[in-house]
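See structure below.
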Amino acid sequence: MAQEFEPVGSTPFPAATAADVLFQLRCQAPLTHIITNHVVTNFTANLLLAIGATPAMLSDPQESSEFQSLAKALSINVGTLSQSQAVAIRAAVDAALEAGNPWVLDPVAVGPLSLRTRLCEALIQQAPSAIRGNASEIMTLAGFESVGRGPESVALSDDAVEAARSLAQQTDAIVAVTGARDYITDGEQVLRVEGGSALLTRITGAGCALSSLVAACLGTGRAPLEAAASACAFMAAASEIAEERSQGPGSLSVALLDSLYDLNLHDLERLES
Ligand SMILES: Nc1ncnc2c1ncn2[C@@H]1O[C@H](COP(=O)(O)OP(=O)(O)O)[C@@H](O)[C@H]1O
Ligand SMILES: Cc1ncsc1CCOP(=O)(O)O
Ligand SMILES: [Mg+2]
């Protein structure tokens, strides 16, 4: 349920636009190449399939490069990065740019760890279409002061809006900073998605899967700001319904797949009330 809160400069994202992107997503089922961490691979693939996208998890450097001629979008996540995965990520991003495909970065736990931090700093110079992270990650990547605690945020998304805007201006990417409220910005306009379920923080992979859902929405060819905000709205609406149907984190993650499967305009409109 939406709260009485109007952060200066942000506007609520309309349900009707999200429903339109959902329709396009289901019509096109965009093939989305995902290089992600080994904690969330299965959950991410199931989540994309449930809503109607087509995930493909490939991580060999040569195949990652070749696959971009087939895929519509690429999702990169550094959650369990290794030196060899970094090679595949670089190959895939180069190929995505070559093919003209949109690509999304999820900078999991960027900051305290050098391998992923150096890679993320290099990747944001490579024209990502969107960057999705929690408040700590977005603040760190934007060069704002922040203390991270591994993959979990220690900051509020409400306090990371300026960092998100700054990062968007630095990179020309859409930046989505998520948390109790999600903010999605192109550096000027800031859209807001409210609602959802705090129980999402009690299962692993909600943020990672959301980043891949952003990539799938971008793969429809929709304008990146609307595509990224739509993915956030899908997760918020579906998790709100899933929480009502579940008893805790275990049943929530199953109920989330079910509610994404039959998500509709009516569900998305609940976020506005
Ligand atoms: N307190 C909360 N209430 C409702 N939804 C939340 C809350 N915290 C996070 N979420 C949602 O959980 C998903 C993952 O976001 P987040 O926790 O910020 O990412 P990460 O898992 O990368 O840390 C997003 O859809 C976000 O809106
Ligand atoms: C627990 C964990 N450890 C490394 S990656 C990862 C998953 C993080 O998932 P999310 O960022 O979606 O919470
Ligand atoms: Mg994360």
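Each Cβ is built from the backbone N, Cα and C atoms, and glycine gets one as well.
The shown structure was predicted, so the numbers you read here are calculated from the model rather than taken from an experiment.
Copied over from TrEMBL:
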BINDING   Met57, Gly205  substrate binding site
BINDING   Arg132, Thr178  ATP binding site
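All features noted in TrEMBL, drawn onto the structure.
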residue: Met57; record: substrate binding site; DSSP (3 states): coil
residue: Arg132; record: ATP binding site; DSSP (3 states): strand
residue: Thr178; record: ATP binding site; DSSP (3 states): strand
residue: Gly205; record: substrate binding site; DSSP (3 states): coil
Among the binding-site residues Met57, Arg132, Thr178, Gly205, name every one whose Cβ is found under 6 angstroms from ligand 2, counting any of its atoms. Gly205
Under 8 Å Cβ to Cβ from Met57 (substrate binding site), same chain, six or more residues apart: give me those in sequence order, or none if nothing qualifies. Ile34, Ile35, Thr36, Thr41, Thr44, Ala45
Using CB atoms and a 10 A radius, I'd like the single residue among the binding-site residues Thr178, Gly205 with the highest neighbour count. Thr178
Close-lying binding-site residues around ligand 1 among Met57, Arg132, Thr178, Gly205, where CB distance stays under 6 Å: Thr178
Distance [Cα-Cα, Å, rounded] between Thr178 (ATP binding site) and Gly205 (substrate binding site): 13
Just jot down the residues in the same chain as Arg132 (ATP binding site), at least 6 apart in sequence, with C-beta under 8 A of its C-beta; none if empty. Val104, Leu105, Asp106, Val175, Ala176, Thr178, Gly207, Leu210, Ser211, Val214, Ala228
